[in-house]
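**Student:** Annotation comment: TrEMBL describes Cys27 as Zn(2+) binding site. Feature annotation from TrEMBL assigns disulfide bond to Cys27-Cys98, Cys29-Cys126, Cys39-Cys151, Cys153-Cys200, Cys158-Cys163, Cys171-Cys192. Positions annotated as domain 'NTR' by TrEMBL: 27-151. The signal peptide annotation in TrEMBL covers 1-26.
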Amino acid sequence: MTWTVNSCFVTLAILFLWRGEEVAEACSCSPAHPQEAFCHSDVVIRGKVVGVQEVDAGNDIYGNPIKRIKYDIKQIKMFKGPSDDVDAIYTAPTSAVCGVTLEKNGKEYLITGKLKDDGTMHITLCDFLQPWDELSETQKKSLTQRYEMGCGCKITRCTSIPCMVSSPAECLWTDWLIEKKVYGGQAKHFACIKRSDDSCAWYRGSAPPKKEFMDIEDP
């Protein structure tokens, strides 16, 4: 009886350690509003893939080789980033470790990502990546000025009631609560902009918002 109980504990311990390692390697992150993705990224570009290859990226702490997928990119427009064009993007080899799959078929993407110390751009599943043709006209226009105007605001994702802001400089993102989809109307058509009194509010409009605007404006 004692041996059986001890064996069970050993088995559970091994399973726990195995599952813990698996969880540690899994990819998990919360969705970000396109404005947040813009503000928190080092680089935001419109581009398409012209080549792809697996490359070595050094070794891990155990001496095992680290692989990365390198996408050769034709940059069409840079909305945020360094002075030089981005000609390559790196990502992990599988989605289990947040790797991103991009198609090499002429499809154009909006790509957000981070810059490493060596100047290379890296992307993960936690970054905002969308086919360019799937963006709304408001999202495309907001990339040039409006999102940047709201980088001093905080967008709080609301998934259940009650849901409230903790400061005047916040906007509640309610797409999931109201529409049961991550990227609904607020993600596609609104930006959270700082007003003249330093509070923030959702804005929808065809022109850049007036500094003194007091509420949501429609086109």
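Just so you know, glycine gets a Cβ as well, placed from its N, Cα and C.
Not measured: the values here are computed from a predicted model.
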**Student:** Nearest of the disulfide-bonded residues to Cys29 (disulfide bond) by CA-CA distance, picking from Cys98, Cys171, Cys192?
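**Tutor:** Its closest listed neighbour, by Cα, is Cys98.
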**Student:** Fill in the CA-CA distance, Cys158 (disulfide bond) to Cys151 (disulfide bond), as an integer in Å.
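**Tutor:** That comes out at 19 Å between the alpha carbons.
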**Student:** Between Cys98 (disulfide bond) and Cys27 (Zn(2+) binding site), what is the CA-CA distance rounded to a whole number of Å?
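**Tutor:** Cys27 (Zn(2+) binding site) has its Cα 5 Å from the Cα of Cys98 (disulfide bond).
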**Student:** For Cys39 (disulfide bond), what is the tally of other C-beta atoms lying within 10 angstroms of its C-beta?
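**Tutor:** Result for Cys39 (disulfide bond): 21 neighbouring Cβ atoms inside 10 Å.
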**Student:** Restricting to the domain 'NTR' (27-151), what is the model's mean pLDDT?
**Tutor:** 93
**Student:** Counting other Cβ atoms within 10 Å of each Cβ, which of the recorded positions Cys27, Cys29, Cys126, Cys171 scores lowest?
**Tutor:** Cys29
**Student:** Using Cβ atoms only, which residues of the same chain lie under 8 Å from Cys200 (disulfide bond) while being at least 6 residues apart in sequence?
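**Tutor:** Cys200 (disulfide bond) has long-range Cβ partners Gly150, Gly152, Cys153, Lys154, Pro168, Ala169, Glu170, Cys171, Cys192, Ile193, Lys194.
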**Student:** Cα within 10 Å of Cys126 (disulfide bond) is the criterion; apply it to the recorded positions Cys27, Cys39, Cys151, Cys163 and give the hits in sequence order.
**Tutor:** Cys27
**Student:** Considering the disulfide-bonded residues Cys98, Cys153, Cys163, Cys192, which residue's Cβ sits among the greatest number of other Cβ atoms within 10 Å?
**Tutor:** Cys192
**Student:** What same-chain residues, at least 6 away in sequence, bring their CB to under 8 Å of the CB of Cys151 (disulfide bond)?
**Tutor:** Gln35, Phe38, Cys39
**Student:** Could you put numbers on the helix, strand and coil content of the domain 'NTR' (27-151), residue by residue per DSSP?
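**Tutor:** Per-class counts: 23 helix, 50 strand, 52 coil.
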**Student:** Provide the number of Cβ atoms within 10 Å of the Cβ of Cys158 (disulfide bond), excluding the reference atom itself.
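**Tutor:** The Cβ of Cys158 (disulfide bond) has 19 Cβ neighbours within 10 Å.
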**Student:** Rounded to a whole angstrom, what is the C-alpha distance between Cys163 (disulfide bond) and Cys27 (Zn(2+) binding site)?
**Tutor:** 27
